[in-house]
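Below is one structure; the comments refer to it alone.
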Amino acid sequence: MKKRKILSLIAFLCISFIANAQQKLTSPDNNLVMTFQVDSKGAPTYELTYKNKVVIKPSTLGLELKKEDNTRTDFDWVDRRDLTKLDSKTNLYDGFEVKDTQTATFDETWQPVWGEEKEIRNHYNELAVTLYQPMNDRSIVIRFRLFNDGLGFRYEFPQQKSLNYFVIKEEHSQFGMNGDHIAFWIPGDYDTQEYDYTISRLSEIRGLMKEAITPNSSQTPFSQTGVQTALMMKTDDGLYINLHEAALVDYSCMHLNLDDKNMVFESWLTPDAKGDKGYMQTPCNTPWRTIIVSDDARNILASRITLNLNEPCKIADAASWVKPVKYIGVWWDMITGKGSWAYTDELTSVKLGETDYSKTKPNGKHSANTANVKRYIDFAAAHGFDAVLVEGWNEGWEDWFGNSKDYVFDFVTPYPDFDVKEIHRYAARKGIKMMMHHETSASVRNYERHMDKAYQFMADNGYNSVKSGYVGNIIPRGEHHYGQWMNNHYLYAVKKAADYKIMVNAHEATRPTGICRTYPNLIGNESARGTEYESFGGNKVYHTTILPFTRLVGGPMDYTPGIFETHCNKMNPANNSQVRSTIARQLALYVTMYSPLQMAADIPENYERFMDAFQFIKDVALDWDETNYLEAEPGEYITIARKAKDTDDWYVGCTAGENGHTSKLVFDFLTPGKQYIATVYADAKDADWKENPQAYTIKKGILTNKSKLNLHAANGGGYAISIKEVKDKSEAKGLKRL
């Protein structure tokens, strides 16, 4: 790690004439200014401007604690008749005075284990304000970090006699908007992020909420104006604003609730089964609340605030075993309804250890059988893939969902037609790793009971990565997917996996907040509406032009692109869904939807029909030295160029919405004086996601850093370009400049 640090600590004593004075913090480039003060009621307030434009109007900060429990000892007695005194103890939002302020500047460059660039700069100015509340004799710290691309702040609770153990009733962090901005939003929900995005004015959210809430396997929407982070907005005066959080550890996931009369968002935490929102023990802190802002949409995509606000890697040897993975899997045929996760249709109830599958009749549709898996292994080996995922391999799928069943899977017992040892031997001979699947059916207590045994089973049978799932309502019953208890579980699973040198791809878990910096074996997350929904009726055409501005702000997504046969009835006649994308855009998603874990999600037979287009999936890199955001507008288009790790090869991808998009590309990011062979995979002139999704063109030619190229993406279309350095002049023979 390269470091360049400048620390300047300036302590201001709590002198009466400056105690509640206004404090200003500027970004290193002076474009952002954050102003903090305590108002006349002793409430902490802040505001934020960017190039003299208001980003956050004056907004208050603080928390509300739960009333103290009625059960007490003689050592902790409070007079029950003194209700004023009792209620005041729940107040951590006013009655404060400034006790101390400290400022600092920090500048370092660090290297991620994997990522969108080789090095990341972490440069900010900091203000830490210690606030004292005389009526309760307690202190808190609000720490602000102002980067060139945005602001992060969090609450810190020092250990003290008057604040040791406490329960959070609600966090009241406000984000006051300066207008009725355009928002790219999904409904606030304690249990799912798998919604299509709605584009509307803030004032329209209430009226559109009912339509925006579509059915899901587990969902708990909480308000007519509640939305989830990361929330993307665009102002009428040309600012792009993103609200999210970073380093979500031992705390509840934050949503936002909008006061649509005053255009003020306020934090809304996910409750536990009792309705409480956080059990805390000092010293402790909240996650960071983040505000990314720019007058250029590309800078939202380029921001690394979320990663920079997380702690450095805690796995000492991570670089030796955490590696990007390109994989295929026994999955899409089941998603479309052609195949089945379950082994038999005869059982309506399964009891693990008691149900005898040898006495049942196979349904003939079970996809995770040895012969079929070997076929996938052969395909992966022939085309340079790293791994094969197999879902539905283990006993219990016949009654796995919707029964609030505790002991649902044991994660080690295969179905009769899945030979674990033979598949391990076969894959090893072919140089292919197997990817484990741990669907928990949201029975988290059961998963934790079996976790060590399940991870050891993986280690014994050649699995070094796992796709985990949490479909359904959480057990223990009443807990939510995004509450403090579950967030602690997700991190426990990742840390435990690291003990076995296992990489984790968590589905249905809390949306990422940059924790992959600290634990890079968290190599993938779903936490949004992915490709599977294309088989359940389809995603909105603009979906992939929004996700990088929202969900991917927190970390990579296992979006599972690469569907070439977009008509699902070709797989299953009963499924009339259509993937809302052209083939060219499916290729582009390997560049625009960043992840070190990339799946070629279609079945082998569909790739064999389009091997020329499939070549891009085979070629595209997973790990990057450099990323350039060439053009971007949320809801319309995104074009990204990435330089492959330790090479001078580049890959470009463009995804477009319903209006299509024409790019005027300039390749000045290429090395001067070098020639490159470019292979351009583009929509044909008559391509259209609905009418002609498989129409594409492929052309080769020479590029230099002075080249320019116009390319058109169709409705729901895109394009992809592989750009490889010419190392021998003979490689370019016969090719013309593009």
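Numbers here mean position along the shown chain, with the first residue as 1.
Even glycines carry a Cβ here, placed using N, Cα and C.
Values in this document were obtained by computation on a predicted structure and should not be read as measured data.
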Among Glu156, Glu170, Glu171, Glu194, which residue does Swiss-Prot name as a further Ca(2+) binder in the site formed by Glu508, Glu526, Glu532? Glu194
Which has the fewest other Cβ atoms within 10 Å: Glu194, Glu439, Glu508, Glu532, the binding-site residues listed? Glu532
For Asn216 (substrate binding site), what residues in its own chain, 6 or more apart in sequence, show a Cβ-Cβ distance under 8 Å? Asp191, Thr192, Glu194, Tyr195
Between Glu526 (Ca(2+) binding site) and Pro215 (substrate binding site), what C-alpha distance do you get in Å? 18
Provide, as an integer number of angstrom, the distance between the C-alpha atoms of Trp331 (site 'Substrate') and Glu532 (Ca(2+) binding site). 9
Rank aside, I only need the closest one: which of the recorded positions Lys467, Glu508, Glu532 has its C-alpha nearest to that of Ser217 (substrate binding site)? Glu508
According to DSSP, which of helix, strand or coil covers Trp331 (site 'Substrate')? coil
